[in-house]
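Colleague: To start, I am sharing the structure in question, which I have written as structure tokens.
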Amino acid sequence: MHETHADRRGTPREYAGALLFCCLQVAFLGWIGMAALGFDLPIVRAAFVFLYLTFVPGFVLVRLLNVDVRSVSSLLVLTVGSSLVFSMALGAIVNVAYPLFGIARPMAPLTLALTIVVSVSALYVLAALRRDAVPSVPRVDGVVTWRTVRYAVPLLTLPVLSAVASHYGSATGEYRINLVVLVVLCLVPLVAYVSDLPASAYPLAIWTVSLAILFQFTMVSTHVVGFDIHYEYYTANAVQEQARWYPQVTSIGNSLLSIAVLPAMYAILANVEVAWIFKAVVPFFFSLAPLCVYHATIHVFDRRDVGFLAAFVFVAYYSFFKDMPDKQHMAILFLGFLLVAATDPRLSQRVKLVLSVAFLGGIVTSHYATSFILIGLFAPVAFVDVVSRYRSDAIHVERTAIFVGVGLWVYFVLFNVLWYGTVSEGTNLELILAVSAETLTNVEAFMATPESRSGVDYATRDLPGGALWEWYRLLNVVLLGLVSVGLLATARRVLVERVIHPYHVFAAGCYALIAVTIVLPFDIGFDRILQLALFVLAPYLIVGAVALATATASVLESTRRIATASNARKAACVFIVVYLLFSTGAGFALAGDETPPYAIYLDDDNWEEWNVAYPSELAAAEWVSTHSQSDEIATLPGPPNHWWHNKDFMILSGYYEQEEFVWFERDTDSVPPGTCIYLGNEMSDDGRMPYFDTETETLEHTEFAETTFYEAVVVDSNRVYDSGSATIYGC
């Protein structure tokens, strides 16, 4: 039995907890106050703010909800998830409410800190008054052993080594250290699985490897890296500078609280550039997504080893680090929090309901596309909820594990429509409806000629290399094949046992989504759809491997001693490691082959593919944004529907609104008077101008000095700034 509130009232543990909480509150508010007076220790302040915002509000909420957990990793997942929801909701509330009382900067450091302290203190008092509280902190002596500590120390060094190696490689152009660290990271799952690593250390191995791989990607430069993140950075940076979020701003990223408000809150209180929140803090958040896969798998499949391997299936797919950080990553993270809470048999239905409402809200306010896709994926689960109430004789449904019943589904639909229909003046809702209408009205055309970034396009695309590239393509086919076998084996077991877990229904919907996006990418791309689906489908790869081994043993008696479930899981682990080596590019680099364009940075060519900005290019973008007299900026356009290929545009998106761009091409003979012209590294240093050939639909290059634009515009313009890799003309 658990201790009751009365049994524990007045104990030293209770007093110590209350004293610690009071000290944290005073320290948090006092630190922000002293910084306002000029006394500041930047690194210490940033670390303290991160720890406070990430853990304290969520832990108080977990205590208030009386959540009964028995592992540190479960507590970590639910605590961080609750903290993120708290911060996003509070950020939205203060930005709507405070201006009504004449507070023009509701996210000013002292105002925001005081609001957080008062809110968290009120929640703590409510939690302390509960009379049925359960201990929410696992007993340390039941978690930490010498065996665990022996493995914990080297595992905890992995993220640090990864960040240092990535920074060193980008600074010196020497990537061999990156490669060594990356190979070590790829081998950790295999070493951990076949060694005597205690199962209690599985979560630590998952988290450290996940964070280390993400740091390999984000720490390559001092600025944000990727595609959409550049204009998302602009939104968050504007919120930080203004100390206010305006719900009516019509940019695409403005309605996404996890992009516009959450990073700005951390940056304002920690007094750091918002770019570092995207580079260091957001990767920490998303490194918990594989932990969510681990715990949800244990809840559904009741095996820690399957959960361990499933987590690395998700990590091994290149979209895990591609586009990091991004709005879809945050939506997937909240989906993970939802699955962990809703599938946990230890949690009461009341607690599940509250957490589900919160995490569904986190999904909605993180990514519009993921939210609307999940409306469709959650629908079968809600349907099962309704049917199982009236017809339970055919197949028994584990109703306590239904994570989105019909009531929650209706709430999710309404929240999506109301949020995206009102915030940012309905910009994203209009976008979703337009894309959906275009897709549905052109299904026949897409079937005849699959769109770029569809599954067919990826599968049939010409590869630049030889045998290794074909091997990589085969690995992707095997991955989907094993998942398919796992789903079929699960369906067969359901039909035999007449018992179904709602998670399997959800997984079937995710698999159907993959099948549809083979030809219909819905303007998102097959790779991003597969990332979302694989987050749910990862455990079925291991189930599929075991099913194949079992089938082989039943057909070929000579293989029975080898084709066991245990060996099948080991083979699956080997496959995951090999797949991870190839998707990160380490396998190609070891063989001396050309690395994939969207791999971890193992040579300078990857910089251009990921739009990594050189410091001198950033300096030019920052200079022109602060010195130009015009609100507009002239730069190259990207290819139709492929604007991410234009590195100059992506860099400038961090400093200018989308409508402030003036495009020039080879035959452009004028730009608006007073408009600055930004020429990036490719045109300034290499003297080449990229252009999109509409006949071949390929990106080509021409001599910049021979273009009409150069002769008619650039030659007659003054060069007002030259950073070495970028040049500014005109102004």
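The backbone N, Cα and C atoms fix where each Cβ goes, and this holds for glycine too.
In case it's useful when we look at the structure, here is the feature table from TrEMBL:
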TRANSMEM  15-37  transmembrane segment
TRANSMEM  43-62  transmembrane segment
TRANSMEM  74-98  transmembrane segment
TRANSMEM  110-129  transmembrane segment
TRANSMEM  175-194  transmembrane segment
TRANSMEM  245-269  transmembrane segment
TRANSMEM  276-298  transmembrane segment
TRANSMEM  368-388  transmembrane segment
TRANSMEM  400-421  transmembrane segment
TRANSMEM  471-491  transmembrane segment
TRANSMEM  503-522  transmembrane segment
TRANSMEM  571-591  transmembrane segment
Colleague: Mark yes when the transmembrane segment (276-298) and the transmembrane segment (471-491) have three or more Cβ pairs under 8 Å (sequence separation 6 or more) and no when they do not.
Modeller: no
Colleague: If contact means at least 3 Cβ pairs within less than 8 Å, sequence distance 6 or more, would you call the transmembrane segment (276-298) and the transmembrane segment (74-98) in contact?
Modeller: yes
Colleague: Spell out yes or no: are there three or more C-beta pairs under 8 angstroms between the transmembrane segment (110-129) and the transmembrane segment (175-194), with each pair 6 or more apart in sequence?
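Modeller: Per Cβ check, the transmembrane segment (110-129) does not touch the transmembrane segment (175-194).
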Colleague: Would you call the transmembrane segment (368-388) and the transmembrane segment (15-37) in contact, using three or more Cβ pairs under 8 Å, pairs 6 or more apart in sequence?
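Modeller: With fewer than 3 qualifying Cβ pairs, these stretches do not touch.
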Colleague: Taking the transmembrane segment (400-421) as reference, which of 15-37, 503-522, 571-591 has the most Cβ pairs under 8 angstroms?
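Modeller: Looking at each of 15-37, 503-522, 571-591 in turn, the most contacts to the transmembrane segment (400-421) are made by 503-522.
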Colleague: What parts of the chain pack near the transmembrane segment (15-37), using Cβ distances under 8 Å and only residues at least 6 beyond its ends?
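Modeller: Same-chain contacts beyond the flanks: 45, 48-49, 52, 56, 60, 109-110, 113-114, 116-117, 120-121, 124, 128, 269, 271.
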